[in-house]
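These come from TrEMBL:
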- 1-22: region 'Disordered' (REGION)
- 1-15: compositional bias 'Low complexity' (COMPBIAS)
- 27-49: transmembrane segment (TRANSMEM)
- 27-473: domain 'Major facilitator superfamily (MFS) profile' (DOMAIN)
- 64-82: transmembrane segment (TRANSMEM)
- 94-117: transmembrane segment (TRANSMEM)
- 155-175: transmembrane segment (TRANSMEM)
- 181-197: transmembrane segment (TRANSMEM)
- 209-233: transmembrane segment (TRANSMEM)
- 245-263: transmembrane segment (TRANSMEM)
- 284-306: transmembrane segment (TRANSMEM)
- 312-334: transmembrane segment (TRANSMEM)
- 346-368: transmembrane segment (TRANSMEM)
- 380-400: transmembrane segment (TRANSMEM)
- 446-469: transmembrane segment (TRANSMEM)
Amino acid sequence: MTNRNPLAPAPVRAAAPPPAGRSPRSILAILSLAGFMANLDVFIVNVAFDDIADDFHGSSISDVSWVLNAYAIIFAALLVPFGRLADKVGRKRMFQLGMGLFTLASVACGVAPGLWWLVVFRVLQAAGAAALTPTALGLLLAAVPAEKRLHYVRIWSAVAAVAAAAGPVLGGLLVTASWRWVFLVNLPIGVFAIIAAQRRVPDSRDASVTNMPDIVGSVLLTLGIGSLALAIVKGGDWGWGAGRTVGGFVVAGLLLAAFAWRAEHHPVPVIEPDLYRVRTFASANLAMVAFGLGMSAYLLITVLWMQNVWHWSVITTGFAIAPAPAMVPIVTVLAQRLVHRIPASVLSALGCAIFAAGTILTLSRIGAHGSHYASELLPGHLLVGIGIGLALPTILATATHDLPQHRASTGSAVINMARQIGFVLGVSVLVAILGTPTTYQSAHTAFVHGWWTIAAVELAAAVACLGIVKRRGATR
């Protein structure tokens, strides 16, 4: 078999005009709906956090965190291999299988009899999301004209921001009935997406893909990230110097080292090492891990502060969180216009810095006694929303700019993997920092430490963003 550089330019076939009744806009709408569902379930569960814990006999915050982490870990580990498998067997078939699994697993989550059953069903739900997300992007790229691909990818990237905006409010509304509706609501949407895709979305595949993706590598990545998250989450309970904690970190390091070795030697690795030799892509992934860590920790810490410290209801919490996420799609539109005038590296770094500034403003104003939302939390909260709107879509859309077109889909899956890994680390680190405070004052101190950590991580993300410098004349 002839070896070829995976980053070498390959002939890009012009997208064939979609069949009658299959306009690129309708295809974009259907596939964006699917992506919205997959991303929404990362954010919507935050608001249901306390209700899930109470329903399952007061489960600890560290145990309930696995409802979030299990989803993000599996989503991250399977994005790339499922995307490549779809290239081989057909993207439309894989998309429908993924949507079907996601929908059925959502129903199972909605009727879960216990916390760990819920975690198991979240694993299945994440597997479905990992199958439908990269295949949806591949179907979209194949269905639109080459000159419009970047525009459609930017819209696709903005879906994640909209999902973050809608998650808290939708979650708050649904949880007022029951936290189970957070999952059951996916049933009609999933069925609609499957039927609409069958009728409107044309199939596509990559005939050059002949080898199966590295499943062993995916397992190593899953277990490695899972071990790391477990050690971080349980470190406070077990003791940071305890054998179980140290063993967890050691096992995580060994598993991730084995994953890196597999990536160098497997013919179809989960992540092609050559991708990280492209500076723009490598910097974007580093920035996305840090950004995702800060973003997931911020969303969770805000919910926990409102519900556990201020003792607000779920619906009040949902609407109180809404202003910041609502800023995201608005600022995203502005960012798409500014990216032609301001370098993506500067724009994304500015977004991360504004995020950090908003967090610092919040921790400097939040009082040790009482609740004053408008003066203490809202100003910084809005700044965080502006920062996310500037940074997130810019990093996502720019990450694959210097990759050849035939690697854009894989690159997009890898950058989304980096985001999910950041989400896992964010939840884990926050749970470790907060612990189980017993008084208002101790809770205030723990939460302030959490906000400082988030600000520091976002500043690190801003530094990483400065490396996202697009090459002139890059192959697209």
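Heads up, residue numbers simply count up from 1 along the chain you see.
Keep in mind that glycine also has a Cβ here, set from the backbone N, Cα and C atoms.
If you take every residue in the domain 'Major facilitator superfamily (MFS) profile' (27-473) and average the pLDDT, you get 88. Spatially, the transmembrane segment (27-49) is adjacent to the transmembrane segment (312-334); three or more Cβ-Cβ distances between them are under 8 Å for residues at least 6 apart in sequence.
The transmembrane segment (312-334) makes contact with the transmembrane segment (380-400), as judged by at least three Cβ pairs under 8 Å among residues 6 or more apart in sequence. Of the Cβ pairs linking the transmembrane segment (284-306) with the transmembrane segment (446-469) and spaced 6 or more residues apart, 3 or more are under 8 Å, so the two regions touch.
Scored on C-beta pairs under 8 angstroms, the neighbour of the transmembrane segment (64-82) with the top count among 181-197, 209-233, 245-263, 380-400, 446-469 is 209-233. Within the same chain, the transmembrane segment (209-233) packs against the transmembrane segment (245-263): three or more Cβ pairs sit under 8 Å, each pair at least 6 residues apart. Comparison of 181-197, 245-263, 346-368, 446-469 by number of C-beta pairs under 8 angstroms to the transmembrane segment (94-117) places 181-197 first. Sequence-distant contacts of the transmembrane segment (245-263), counting only residues of its own chain at least 6 positions beyond either end whose CB sits under 8 Å from a CB of the stretch, comprise 214, 216-217, 220-221, 223-225, 227-228, 230-231, 234-235, 238-239, 269-273.
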